[in-house]
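Some features that Swiss-Prot has for this protein:
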ACT_SITE  K51  active site, proton acceptor
ACT_SITE  Y272  active site, proton acceptor
BINDING   R150, M320  substrate binding site
MOD_RES   K51  N6-(pyridoxal phosphate)lysine
Amino acid sequence: MDSDILVSRTRTATIAQGATGYLMIDLAALGRNYRKLVSMLAPVRAGAVVKADAYGLGAERVARTLYSEGCRHFFVAQFVEAVRLRPALAHDAQIFVLNGLQPGNEIACAEMGIVPVLNSLAQWRQWSAAARILKRCLPAVLQFDTGMSRLGFPREERRELAAALRDGSNVEILFIMSHLASADDMGSEQNGEQFAEMSRIADEFPGFDISFANSGGVFLGEAYYGVLARPGIALYGGAPNAGEKNPMEPVVSLNVAVVQTRTVPAGAKVGYGGAHVTQRETRLATIAAGYADGLPRCLSDRGAVYFKGVRLPIVGRVSMDSTTVDITALPEGALTFGSLVEVLGRHQTLEDIARDAGTISYEILTGLGDRYDRQYR
């Protein structure tokens, strides 16, 4: 027993003290995914969407890896993300803020060399005013709404914007862009509708480069590329197109420790509300991850984890900090206190978990909690 404790202490010293879940991020696989997209897109440039802390994987580490692969265009959602990322990248890397700026952030943004994506006349006026105050031309990107009804200049604002550009401006437009709402569905009619609307916008605003394709858009064909694509989920190993074979390499794996095992008789109630009742004598394991760690509560009695390739179904409700699984299929003693089970990895993909949870891989990936020890290789 004492030797086991000493081994445990040594192992703890080499990883993270107190962690009971280990999120492995394969930066080499990330680089290979980027190179694959670059090869598909050439000669079109490939940027990288690193918003939400690079989908939960660590924006600084991810961005530096992609920079080393030649990426120079990085997209975040909020200005605060750009502020955090800026010191991690060389000055020739451009950081774009997709949501644009809230009033009062314009001067700081300009002084840090961060580029806002302007989505409305209100944002345009604020950025133009900042340029006047600083007495210099400031760069920006214009985003247009082509049918998603979320962000971007609406149709009714385009005429006034075009007039402002014709009259001369202290804002340098680097390119114009829009976002595809249904690119993950290659057969969606909305893809063609948005393409047609973007073509009309290009006619109204001639002479500007275009950025259009997201991860799914890369696989819709060259017509959707523009001069700069903006892949996100595909970089991190997620499937860019629903229902199609995933061409990307997995980047993330997650293993979680067992806290306790037990054997219960038939008729035992498991978890909050006694929602699961065993039909036979059952061996159970409680693992150290719950909905606070990114295992959605809707996986209750639906999802699973794996141990050496054996599927271990979740039984009862997922709790905040723990989840109980049925280990009866394993030989007795195969899984014990401290053993690690696979939540995400070789036997279970992001898409598998998302399907069981009734959601999308983006939500699963970005929801992986900060109690995991993130290990990079």
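Note: Cβ is positioned from N, Cα and C throughout, glycine not excepted.
Owing to the predicted nature of the structure, the values given are computational and were not obtained by experimental measurement.
Location within the structure of each feature annotated in Swiss-Prot.
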| residue | record | CB count, 10 Å |
| --- | --- | --- |
| K51 | active site, proton acceptor | 20 |
| R150 | substrate binding site | 10 |
| Y272 | active site, proton acceptor | 14 |
| M320 | substrate binding site | 12 |
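R150 (substrate binding site) falls outside any helix or strand according to DSSP and counts as coil.
Taking the Cα atom of each, K51 (active site, proton acceptor) and M320 (substrate binding site) are about 26 angstrom apart. In three-state terms derived from DSSP, K51 (active site, proton acceptor) belongs to a helical segment. Across the structure, Y272 (active site, proton acceptor) and M320 (substrate binding site) are spaced 11 Å apart at their Cα atoms.
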